[in-house]
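Novice: Take this structure first; my questions come after.
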């Protein structure tokens, strides 16, 4: 490394120091998904970011999705995916594959990436330590012709109803980094597949996390000119939904952010997971890397 490169690194570390001190001993939940999960280079950068958070005294917790991988496995096994109102129906055979893919292959791949940095990651799902309990999701859809709402039966798709933070508190006091798959049991004995965004929001809310980061395939919330909005209050976010600035798939993402804040998260960030080291850029730089939503 040249003297000039060393000088640049030293300057960057000096600039990051106040933010390292701000987040020391604080919990940051990161929902890992989107394009970053399918790109080896971005995956390694993400693992490096999580390791550096831990080394800086932060308590990072990773929650991950895996929709495309689930779809690919179902296709390989010759199981046709069924959808209701645009949402995947998860029957008994499908939920077994969902658990196998999420809590098995994907979870362990992420754990291995983080472990390669020298840190200790541990793979979990909602079943471990009775961490999360779920119940059958109650989803409705409005018929555009009759304007009548009907209930969707999505099978074993669940909503989080309870989070027990005991295991996560224990891990926070250790050197372990939890990597959690969004699968959880119900009190009825069934296994439920849970949307990874809402699962991450429930975990972050139960822990009163300082930050919840959603890694997506977009820079964050954009205004009508296509420019990134750096910060929004909950009231401002709701107004942008109402006037159509926030639309399409960004609406449920922002609504999940709002629910997480109502549950106790101090701030939620939507940022671009396709940018290498976006987690560090968000946490350890002055202007962050995405859209911060606060109370």
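The backbone N, Cα and C atoms fix where each Cβ goes, glycine too.
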Novice: Have a look through 193, 208, 223, 272 and flag the one Swiss-Prot assigns to the substrate site that 66, 67, 88 belong to.
Specialist: 193
Novice: Counting across all protein chains present, how many other Cβ atoms fall within 10 Å of the Cβ of residue 67 (substrate binding site)?
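Specialist: Neighbour count, Cβ to Cβ under the 10 Å cut-off: 16.
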Novice: Long-range neighbours only, meaning 6 or more apart in sequence with Cβ under 8 Å: which ones does residue 66 (substrate binding site) have?
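Specialist: Looking at Cβ-Cβ distances below 8 Å from residue 66 (substrate binding site), excluding near sequence neighbours, one finds 33, 37, 101, 102, 106, 181, 196.
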Novice: If the substrate site is taken as the center of the Cβ atoms of 66, 67, 88, 193, which further residues of that chain fall within 8 Å of it by their Cβ?
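Specialist: Nearby residues not in the site list: 65, 70, 71, 90, 98, 102, 196.
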Novice: Cα of residue 253 (site 'Transition state stabilizer') to Cα of residue 31 (site 'Transition state stabilizer'): how many Å, rounded?
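Specialist: Taking the Cα atoms only, residue 253 (site 'Transition state stabilizer') lies 12 Å from residue 31 (site 'Transition state stabilizer').
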Novice: Measuring Cα to Cα, how many Å separate residue 88 (substrate binding site) from residue 31 (site 'Transition state stabilizer')?
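Specialist: Checking the Cα atoms of residue 88 (substrate binding site) and residue 31 (site 'Transition state stabilizer') gives a distance of 20 Å.
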